[in-house]
Every structure is written in C-alpha cells, then in structure tokens.
Amino acid sequence: MKDIDMGKEYIIPSPGYRSDRDRSAVPGQHRDPEEPRFRRTRSLECQDALETAARVEGLSLDISVHSHLQILDEEHSKGKYHHGLSVLKPFRTTTKHQHPVDNAGLFSYMTFSWLSPLARVVHKKGELLMEDVWPLSKYESSDVNSRRLERLWQEELNEVGPDAASLRRVVWIFCRTRLILSIVCLMITQLAGFSGPAFVVKHLLEYTQATESNLQYSLLLVLGLLLTEVVRSWSLALTWALNYRTGVRLRGAILTMAFKKILKLKNIKEKSLGELINICSNDGQRMFEAAAVGSLLAGGPVVAILGMIYNVIILGPTGFLGSAVFILFYPAMMFVSRLTAYFRRKCVAATDDRVQKMNEVLTYIKFIKMYAWVKAFSQCVQKIREEERRILEKAGYFQSITVGVAPIVVVIASVVTFSVHMTLGFHLTAAQAFTVVTVFNSMTFALKVTPFSVKSLSEASVAVDRFKSLFLMEEVHMIKNKPASPHIKIEMKNATLAWDSSHSSIQNSPKLTPKMKKDKRATRGKKEKSRQLQHTEHQAVLAEQKGHLLLDSDERPSPEEEEGKQIHTGSLRLQRTLYNIDLEIEEGKLVGICGSVGSGKTSLVSAILGQMTLLEGSIAVSGTFAYVAQQAWILNATLRDNILFGKEFDEERYNSVLNSCCLRPDLAILPNSDLTEIGERGANLSGGQRQRISLARALYSDRSIYILDDPLSALDAHVGNHIFNSAIRKRLKSKTVLFVTHQLQYLVDCDEVIFMKEGCITERGTHEELMNLNGDYATIFNNLLLGETPPVEINSKKEATGSQKSQDKGPKPGSVKKEKAVKSEEGQLVQVEEKGQGSVPWSVYWVYIQAAGGPLAFLVIMVLFMLNVGSTAFSTWWLSYWIKQGSGNSTVYQGNRSFVSDSMKDNPFMQYYASIYALSMAVMLILKAIRGVVFVKGTLRASSRLHDELFRRILRSPMKFFDTTPTGRILNRFSKDMDEVDVRLPFQAEMFIQNVILVFFCVGMIAGVFPWFLVAVGPLLILFSLLHIVSRVLIRELKRLDNITQSPFLSHITSSIQGLATIHAYNKRQEFLHRYQELLDDNQAPFFLFTCAMRWLAVRLDLISIALITTTGLMIVLMHGQIPSAYAGLAISYAVQLTGLFQFTVRLASETEARFTSVERINHYIKTLSLEAPARIKNKAPPHDWPQEGEVTFENAEMRYRENLPLVLKKVSFTIKPKEKIGIVGRTGSGKSSLGMALFRLVELSGGCIKIDGIRISDIGLADLRSKLAIIPQEPVLFSGTVRSNLDPFNQYTEDQIWDALERTHMKECIAQLPLKLESEVMENGDNFSVGERQLLCIARALLRHCKILILDEATAAMDTETDLLIQETIREAFADCTMLTIAHRLHTVLGSDRIMVLAQGQVVEFDTPSVLLSNDSSRFYAMFAAAENKVAVKG
C-alpha cells in the first residue's frame, strides 16, 4: 500500500477490524464498554494517532495482521504441515498467496528463484522503495508467530513455574520441526561435499598416475564431480532457506512478546530504557542469527567422523592424526567462541549503559545546553565508551582467532599426518596425499561455520536470559473489584500501598517542608509508627496474594505460578508510601486532592490506576479511566491524532473539546492547524500547550472516571480559570473527577476536598467543612489569600469585559473545517529519514580507513593478510613440490638388487622437506597472531573515532535538529549502527579480505598448473560481473530499507515506554501492540528479503564455481600424461576449495558493503549536521568576572525557530536594569519562553542583538555565555547518577556549599535521611523523586551557580502554595543581587516584581510596574489578573 498524505481520505488499516463481528472474534480482546460500536470500512478524513507515527517516517502500511489469522484458520483445517508439504512440489503455477515465497515450488524455493523478479526491478530502477517490497508473508507475521510462542511459554510456566521455566526449551520447541529438517538437509550437504573429494577426486588423481588413458571413464568421473557439487550446493541452499524463515518467525514472535510484556509492566525501573531498546533491536537480531546459523554446528562432528574413517582407510593408522587435529580444534574453537561470548555479555551491559545515557542526553539536550553541561555529559559517555571499547578489544582478539584458524588447521593436520606417516616408513603417493588434503579442505567448511554457529548460539543464550528476565517482571493489574454500592465509583478500605524498591529509593521517606517538621510527631500515633517498622518478607508475600484479590477469577494465577511469584516477590523490598487510606468517591463528584510536595498525591492516583502494590486493605473501582499525567505525554503524530488517540473523529465533539481546552488560538499559530506534526514529546510546543492537549485527549475519550494530576500547573491564570470552569466543571459535570492541584483557589468549587500529608489522608470534606475545621488546609488556604490579594480594588463587571477584551486582541480562533487539509512542508515538523542512494561511495570507505589510522595502517594490515594467506598457499605448494620430487631419483638397495625408488620416504633430503613444511606452520601461526592484534586495534580505533566524532557533532547540533529528528532515529545510530560498526563489520571485513586474497591465490595456483584454465575463467568472469552488478544493488537497497524501517520501530518503543501509565489508564495496550506489530512487520519484510538476497546470490555463484571445478576436472582428463600428478592434485584440491570459498567471498563482499551502510549513516550525520557556535572563541572571551552588573538589553531582536517558519519574536526592544526583578506574562505561545531561548542562544536571532553588560552575546562562545546564566526550568529535570552529580557535575563546590543550597530549598532533611546522603542514587528521569522535589533540586542547582542573571520558567508550578511561598522567599533572598526574569503563569508569583512585561504574538505590548498596570483597567495585565483574582477574592 502506498503512502497516503496526511489529511486526505483513506481507510484506516489499524486495528484492522472490518466489523463488530470481526472485532469480537479476536481472542483475548474485550470490547471497551465506553467505546461506541463502529465500522472501519468507510472513508474518514481523520487519522489514527498510531498510524501517523509511521507516516511521519515515510512508511507504507501492511494489511492488517488479523487477516493473516483468518487465512491461517482456513488452511489449518487442511492439516498442520499442509503449507510446508506443498513446497515439495517441484514446480507450482498457482499464485494464491500475496508473497512469492509462499507460491514457490521446491526448485524455486531452494534456489531462491522467486526473488529474481525483484532483482530485475531493482536493477532497472537503480533503487528500491518501500512500496516495491512485498509485505511480509502471513506465515512470518509477528502476530501469528507470537501467539504460538506465547502459548508455548504459558504452557512451560504452568508446568514448572516461573523459576524453573526454560525459555531455551520453549524456543527449541517453537523451531524444532524446521530445524530438524534443516539439519537433515545439512547432512545431505556434508555427505555430497565429502563424497566428491573422497571418492571422485581420488579416482581422478589415480587416473592421472595411470599410464593408459580411458576417456569415457574419466569423463564419467568429471560428471560425478559435477553432480556431487550441485547436490552439495542446492541442499545447502535449502538449509538456509528453511533457517531464514525460521529465524524471521522467531525474531518476530519474541520481539512481539517482549513488547507485549513491556506494555503490561507496572514500571520499567528494573530495566533501563537503554536496555529495553537494546533487547528490542540487538537481542532480536541475536535470536534470528541463532536460528539461521546455529543448526550448522551439527555438520561439524559428522564430517569429522567421516573424514577420520576415510583417512584411516587411505593412510592406515596415521590417518587418525589429521582427524585428531580437527577434532581437537573443534572444542578449542568452541572454548574460544565461548570466551568471545563471555566478553560480548560484558560488553552488552556497557552498551546498555551507553545507550541509556545517550537517551537521557538526547531527551534533555535543551537543559544540558542551558546549564553548559555538555562537557560533563560528554566525559560521562566517553568513560562508558572507553570501558565498552576495552571489552570489545578482548572479544575482538578471540573472534580474530576463530576467523583465522580454519585455513591453518588444514596445514597443521597435513604437516602432522604426512610427517609422522613418512617418519614411520609408510609410502605416500600424490593420489593419497592430495585426496587427504582435499578431504581436509572439505572438512574446513564445518570448521569455518563453527565460529559463526557457536558465536550466534552463545550470544543468543545471553539474549534468552535477558528476554526471560523481562518476561518474568511484574505486570500492572488494573483493579477488577467492583464497589459494593452502584453509586460508588472508587472505594479504598484501610489500604496501605507501596512502590517496589526498584521504583523508589526515597518515596517512602517523609517529605518535609519547614512547617511540617513541627507537626511530624503529632500526625501519627505510636501504633502507626510500629506498623511502619513491621516490614517483613512475609508481608511482601501477603501483599502479592492480596494483590491477586484484585483480579477476576480467570486472571488469578495457578497454584504453581502462585508459588513462583511468592519467591519472586519475597525478594522484593517494598517501600510503603500510602498508609490506611479510607476513601469512597461517589459517581459524578469532583474531588480535589491537595497537599505539600511529596505528600503522596500522585501515589494515590497511581494506586487507583493499579500501578502500586497493595499491602493491606482493599481497592475497588467501577468504570473506565481517562488520565492526564503530571508531565504530559505526547505522541509523535499530529495534534489531532494526539487528541483522538485512536477514537473515531466526531467533528462536533472535537470542536467542543478544542474550545473547552482553549486550543483554538494555538491552532491559528500552528502552520498546518490541527494537522501539524507536533514532534516527539511535543518538541515544538510549550509546557502549557502539551498539558492542554493531554487534557483534550481525556475530554474527547468520554470515560466515566477522570484522573487529572495537576493539569493546570503550567497554564496562564486566565486560561487555567477558563479550562477549570469550561472543561472540568461544565463538560465533566456528570463524570467522576479526581483533581490533584496545588492551586487551592480551584478547590472552592470541588464537591469534596482531600488533604494529604506524609502518605495519609489527614483531612477530608467540602471546602467549607475543612475551613471550619481550622486544620492544615485552612492555614494554607488563608496564607494563599493573604499572600495573593493585591492592593487594588477590582470590579467584577470590569473583570468580565477586560477578560473579553484580552481574548479579542489575540489571534482569531482557527476553525477546524471538514474539507481535506492540504499537507504542507511546514506542517510536517519531523523530517523523513534520509536514505542513501546508489552504491556506498568510496568516500565512506576512505572515511573508515582514515579513522582506522590512515592509508599506511591500511597498507600494513593488507600486507599482513597477504603474508598470512601466502604462507598457507606456500605450505600446500611445498607439499606438491615434495611429492613431485618423489624419491629424488635415489637408488635403493634391496638385498643384492638395486633400483630407483618412487617413494618419498626414500628421498635423501626428506628431513629438509619435512622441516620446511613444519616451519611454514610455525610462521603461519606467528603471522596470524600479529595480524589479529593489528586488525582488531585498527577496526576498533575506526569505530571509536566515528562514535566520538558523531557524539561530538550531535552534542553541538542546534536545537532545531533535535526538534525535527525523533530520538529513536538518533539512538538508532548509537545502538544498531554502532553495534554493526563495532562487532559485525570487523568480523565480516576480516573474513572478506582473507577470502579475497585466498581466491586470488587459488585461481593463481590452478592457472600456474594449467595456463589454459584462464581461458575458461574469462567467460565465467563476465557472468560473475553481471551477477555482481545486479545483486549488489538488490542487497544494498534492501539493507538500507532494513536500516530505515528500524528507526520508527525503535521510536515507537521509546514513546510507548514513556507513556506506559497513560496507555494503561486508557486501556490502549492492544492498539499500541498492533501498531508495533505493523512497524515490526514493515521492518521484517525488507530484512527477510535482504537475507534471502544473500543466498540468491550464493546459489548462482556456486554454479560459477562448479563450472570452474568441472573445467579443472576436464583439463586433468584431456591433458592426461602431460602434467605431473602432484600438480594435478594441487590444482584439483584448490578447485574444490574454491567452490565454497568463491560464493562465500562474494556474499561477504555484498554483506560487507551492506554493513558499510551503517558507516555511511554515521558519516552522513558527521558530514551534514550544522553546528552551533563554538563553546569558547579565542580572543573574544568575556572578562572572568563578567557580567558584574547584570544589565540585559534587547535591540530589535527577531527570532524564528526554523527557516520558513513565522517570527516568534518581532522587533523586541527593552532594557532591564541591573538587579531588577522582571515578571514576564502572556498567553501560551506569546513568546515568553522564546525570550529565554534567545538569551541562551538555543536559537540564534534572525535580526537585532542582545547585550549583557554592553557585550553582544553573539560575539562570545556559548559555554562562556551559558555558564554565566542560571535557569530554573518549567520541566524539572534530574539525570541518572547521584544527588551530588545532579547539583554539581564538575565537582566545583564543597560539600558545605551543597548542603547549604539544599537547606535553603528545604530539601536538606529529605536528602539527609537517605542512606548515602549526597551519593544516593538518582534514577533515570529522577523517577525516585516527586515532581515537586525535582523542582526543589533544580532550584538548589541554580543557587549553587551564583549567576548574575537568573531565568525562572514557572519554577514553582508543581508545588503546593505553602512551599511555593517559602521558595519565593528563598529566591528573593538568594538572588537579591541578581537580575531576575520570571516567566509566570500564576500571576501572584510576579506581583512582587519591579516591572512586568506583557507579551502578545511575539511583541512587548506592556512593560511597567505592577501598580501602574493594575490601576489601568484597560491594560491586558489588569484583564488577566482580574480573571485569576476574581476566583479567589470573590469565592474564597
């Protein structure tokens, strides 16, 4: 199916239901009672949000996975193996299947001829697009295979329990039938490959020694050689054909199972995001490789035994020696491969850390740049990379040994066998010697694939362990118990709940604001304290059992699972967070939840959503959820799709939701209205816009219970007021709403208020009841009134008109029309991923050579390779020379008779020949070791330099790059592409270079014996060139498509993990799983064809090499008596070696080029990424103590985020005096945050300039500028590491200074209670701190910097009013000497400012003192303030 432009009519392919009947037919899926019945076959002008993510990446969509199930059900009635057996028909003419591989007969299947039409298309076009590629066969679809694997895993769990369950056994059962078949085919390959040299070659060589010629007999021998080689080639191709399909099925199945599990997880804290991305990108690949190559290991022992028996027959007892060498090398190779795998396992852990840290850097790059912490993070990643490189180097040495050993084994085996054989006085003829060498050569195939097989199996073994640990992680259980009364929607009885320890290291510690410290002991009695201390494993087990009471009877685990889970849970350390919660929420009630920072508000709503573990009591819920998270989660899709969230488009409801959430003016600003791509995590939206979109999604979803976690914190006062009245009170009037907030003025209108403190509900009732109680709530509310009422009389009638006026001045609301929207370039924020075209340019190889050490290093490596292969070739030639010398015409006396001997043992120089032969072996081993070390160091230097340069360029890229590029795409460069360059490329390249030189030596040797052989090589060379031209384009283009389809697939995983709580709440797991399966199948389609294209080429190359061996055989026959039998033996042994080698080498050439596409992709970023200004500019550095005053001047400043976008700051001019405190207000999108962006030079000005203390900031380095500014951002950001590293990454401050900053932000006691104090762990995203605590730590961070200029971007939005007031006081005291710019949404935070700047549409419309602006009832600020103040003053 072709790409469809956004906004045009199309049929939604996902979730792929054709009717209500189809929908209910899908096993394991139940209809959401809230969702209306619908049919998805009519045209719609809207898009499913999950579809758009793919269209952003330029992907076509496969037909629905559910149609696969239907077709398979039809075929299942014909028998389990019906489809498999139908392949046995030699030729098939039917084309009922959509994928040609399913229509292939045996001949087409094993020679991969079904792929030829695609090869022709690619050759003609010169490139391959996604629409040219066949969708994945239904038999390979991830949905079909994952269901089967899941069933097998479930059976395993039920039989033996989670701890004893073996995922390896399950995987074996999944692949068993196909693997056994492939092993049978492999045995045929080995037998054919062995019988050719063993019998046919032996007779050919004996014929060369015979004096009489028999043309008919000799031609029959050549025909026999031809047939054995054809059988060997095609049966091997059939082995690969079976294995590749098995591998693709296994990869699709296990990755789908993994993602399905991720969607069910309570939280991902046991696994980092980096590890999960690696599991889904690299570990899936490992499973494929194990299925594809693992079975080839079975061929080794068979050939070794056959070879040993045959050699004994030919040579007698000494024949054991050669085979013994092979047999001893086999376990040695296994051991070395195991060592490689051991280092790979260690390396994977380092890679996980690096990818996780990279993900963190990319997610928060804006803040890293603002804090001027680029260097600190760069050093952190470099440190992890250095460790990874060290392990990679060790793994590389062992890997290099396994690659280089195979050709040497033949020589060692030959040297040992022949030396001992003749030393013991046995005869050795040319026929015997070269038959044995040829048999040894045929045995090397088994040895060559052994490192591949063992490496793939041992790496898959590591992957299986990682998958198993993921599959056994605890799942989230949405609460199934229903309250006793039908009018009650949520009921909690004496509930004590906990986060598991991996989720939080401090979540259970009391959160202390100064006021609380006094009441701490009074709040909780001794009885409760003792309950807190009773924290035993027994309770943890009880909790888990109790947790099962929340499930329906059909969801409760079996006794075996129960037992396994107890053990599993018993080992968890549960962190109590909520105590003795008693709560009943009636239907249709609006319940406000408030409390200080860290009091347990978010934990309470998480408990209702099933995210926590219930230790005591019970929870019951009746209804479906809509959830607005404290930090809004945005999909990488259009704004409309983010609101629809998979539901059908209803224009009336949609427009009504837009009005309720004040989104109309925003649509007018966006370039493509509501069809604008809003990027990953809402990259180009303000915090307020993201929050309102999240709220609009909840309103549109039309659920019965709404959980709103502080949804108005990032909004302007009048916008927040409008949304509270219009959206929450009016639209959700009949719904049950839990409304968490720090803005207490809204609680006046709630039906009920819950006040939380230290994990308990301490007060509960209506606003009036709590005020009469005169408890904590009343105290805080009174403080709010005292702190916020200004000295200005406000008339409520004036307020209404003022508010209206301010709305009118804004842009006219953009209406969402029903006509098709035209997709413009501007509307698409996220750029389609670039795809290389044509062959990989030579410049890419040159970049790699330069990175590896330059041309000289490359030359040294090539010389070492040539010496390596040359020493091997020399030893074989020396053997033939020795045989040709025979007895050296020496005369032997037997009794009284003398005669000329023909036996080599009688040669007087035998010792000399034998010594040189043995010496060649020693030289080979030494050269091999040197080459291994040099090559590994060279390739690792290349990959490390590429990594470092890429990382440097990414860190120095301007913000527009991160706004338009999904994190998954950049991460793909650092995970999948780096893995290719680190591990796969060196492995492939080493074998490729070695084999190319070996091929030239083979052809040279044969041509040396038969010059006429070169005549036959000519036509075959032309044929080979044509084949190479066609296949090279096919393989390269398919590899590029494989790379490109990987990015959206990774982006979807990242995005889904970040929004797990929202996906659970909306019960959208099934939709996200379908989307994932579509993206995975989109990736598997070119990936499967890429692997098949390799074999398509291999089969055809085999025919060329078979032609070469047949030509050699014919020349031996036709030139009978003209050449010595020793040289004939040399030629035929090399010809036999050439057959497998030739196709293997050309396949390696294509594969190595395909691997180089990863270097090309990395190099593309290195070459094309534009850089922001340098960190420091020589001779232009500002004075060390700059700025001393802190004066900020904007002169006609103009700024736009990207070319072709409208200006967001228009001719802005103003001067802020030193130490002045400025409040900046304005509607969302008015340009408030853009001022900060301009000041930090995150976006360079389009015109005008900014000066600080008279110095133009555009003239100095970015680090010089940013290190002198401090910011407390709207979105509090903590990085994984320690508390200390988050406050002071450069270790610039003393411990006392850090504790002082923590004390001033009221976090000292909280951090002091942690076991490791400042060295306590901070988890990814700071998830073990509440949002309010994170914000306090960000303020502490700013306090430490002692900067003259501070920007506060709504810094206290996530705090309760009391903490807010305390922090405001701290900020006023600490930054009294600083120039302060406060970007505010809650207007009371800026009333104490010296002046207030009002922005509208990127222009300064008002700039004066608060008293002047509030005394003018026609001012915008007056209107905005009136909207907020009326709420408190009138109703409070």
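Cβ from N, Cα, C; glycine included.
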For the feature phosphoserine in Swiss-Prot, which residue out of SER505, SER803, SER815 does the record point to?
SER505
Candidate set THR513, THR965, residue annotated phosphothreonine in Swiss-Prot:
THR513
In Swiss-Prot, which of 240-260, 366-386, 1017-1037 is tagged transmembrane segment?
1017-1037
Contacting positions for the transmembrane segment (219-239) when only residues 6+ beyond its ends and CB under 8 Å are counted:
109-112, 182, 185-186, 188-189, 192-193, 195-196, 199-201, 203-204, 207, 295-296, 1095, 1098-1099, 1102-1103, 1106, 1109-1110, 1113-1114, 1117, 1139
State the mean pLDDT for the domain 'ABC transporter 1' (562-783).
82
Cβ under 8 Å, sequence separation of at least 6 from the ends of the transmembrane segment (1017-1037): give me the contacting residues as numbers and ranges.
118-120, 122-123, 126-128, 839-840, 1003, 1007, 1090, 1093-1094, 1096-1097, 1100-1101, 1104, 1107-1108, 1146, 1149-1151, 1153-1154, 1157
With an 8 Å cut-off on Cβ pairs and a sequence gap of 6 or more, do the transmembrane segment (317-337) and the transmembrane segment (426-446) reach 3 or more such pairs?
yes
Please give the sequence-distant neighbours of the transmembrane segment (996-1016): residues at least 6 beyond its ends with Cβ less than 8 Å from one of its Cβ atoms.
407, 865-866, 869-870, 872-873, 876-877, 1107-1108, 1111-1112, 1115, 1119, 1123, 1127-1128, 1130-1131, 1134-1135, 1137-1138, 1141-1142, 1145, 1149
Highest-contact recorded stretch vs the transmembrane segment (296-316), from 179-199, 400-420, 1126-1146, CB pairs under 8 Å:
179-199
Beyond the flanks of the transmembrane segment (1126-1146) by at least 6 residues, Cβ under 8 Å:
193, 196-197, 201, 204-205, 208, 229, 232-233, 430-431, 433-435, 437-438, 441-442, 444-445, 448, 876-877, 880-881, 883-884, 992, 995-996, 998-999, 1002-1003, 1005-1006, 1009-1010, 1013, 1024, 1028, 1097-1099, 1101-1102, 1104-1106, 1108-1109, 1112-1113, 1115-1116
